[in-house]
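Read through the structure below, which is laid out as structure tokens, and then see the notes.
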Amino acid sequence: MAATLRIQSDWNQALRRDEGEAWLSCRSPGKPTLYGSLTRRGLSTGGIPDIVASEGFVVGKITKRSILISCPHENVSTKFLAPYTTFCRIHQKSITCLDISNGGGLGVSTSTDGTMKIWQAANGEIRRLLEGHVYDVNCCRFFPSGLVVLSGGMDAQLKIWSAEDASCVVTFKGHKGGILDTAIVDRGRNVLSCSRDGTARLWDCGKSACLGVVADCGSPVNGIAVGTADNSLNLGIPEKAPSEREIGTEGKILLLAREDKKLQGVGLQSRQPVFLFAGSDAFNCCTFLSSAYILAGTQDGNIYQLDVRNTNAPIQVIHRSGAPVLSLLPYRDGFIASQGDGTCFVVQQDLDYVLDLTEADCDPVYKVASWEKQIYTCCRDGIVRKYQLFDL
């Protein structure tokens, strides 16, 4: 477990003022936390702030929205990035889920204010209100076309919506508890859902029917992900011939992040178990990095990287804080993670530093979505933050 650098959440505003200050800390497991500060001394050429760090910290490259900080003693560097813009008026309360369409034009989000909305990703302007779920909507995502939305709610219903006219075109019923996550198979003729009822189900969009229970875990399934499995992986053989309505399930593996501290892999077409990995706490989320490598995050702050071909021991366990890991998203040759203490960070193999997306200030960051070099986060404070990786 490496050292973790943290910065005052509103550092960018604080350092815009002359003589402005922002606090820093470097926490390393088993050692006293090192505290320090940044101080602005004025402007350098090009209008970039001239900023110095207190003893033990070193300031690297500075732009208008980012600052690179190192702690040589712990051999750790972090680039802190402030949002390019924020959208405060989409919802009235906590935003629990969001997604961005292919092409980056539209966003969709759900909130504890009971609403689900489609909005312009450029400026946050609301385009459509999607009404029809009873109680809270837990999850939402765009189909690959960007014209259709899939949502799941506490009412145990899974719904498909037109992003163009906000009509609900399909409602799936069958779960006995609130739906916690969804996944789309290929282009979306089949979709998947998981629920508090402990099951993951496969659905046929064209006939609005359930094609089967893929897994029955006996424990709430908090998150799912579907991906193409490595060729060497034995996915099992179906007990009966798959329905002709199953499209694109062959060669796929379904990951299940379970409340009972288990991460499970199941052959999507065979419905046969492929692996079962025991973690340190409840699993909240999971994702594929490739056909062989997966990530899964737990309630006690661990991010496990596993090889699906051998899950006896993790490749690595990343632990930045004890806060719940709430969202994991593959990004370029790395990933983005968000946690319940307001941290959201990007790890990429070609960078020798962690990229920290700032300003959430201890409010849980529930979900992350991206389109090319733009990253969007949603938070308990009801704000959507948009980060531009051009700003580095």
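Glycine residues also receive a Cβ, built from the backbone N, Cα and C atoms like all the rest.
Where the annotation comes from TrEMBL, it is an automatic prediction and has not been curated.
Under the heading repeat 'WD', TrEMBL lists 88-129, 130-171, 172-204.
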Could you give me three numbers for the repeat 'WD' (172-204), the DSSP helix, strand and coil residue counts? 0 helix, 21 strand, 12 coil
Hey, which bits of the same chain come close to the repeat 'WD' (88-129), Cβ under 8 Å, at least six residues off its ends? 135-142, 144-146, 149, 151, 163, 165-166, 366-367, 369-372, 374, 376-384, 386
Which residues of the chain, 6 or more past the ends of the repeat 'WD' (172-204), have a CB below 8 A from one of its CBs? 135, 138-139, 141, 143-145, 148, 150-160, 210-226, 243, 245-249, 252, 254, 256, 266, 268, 285
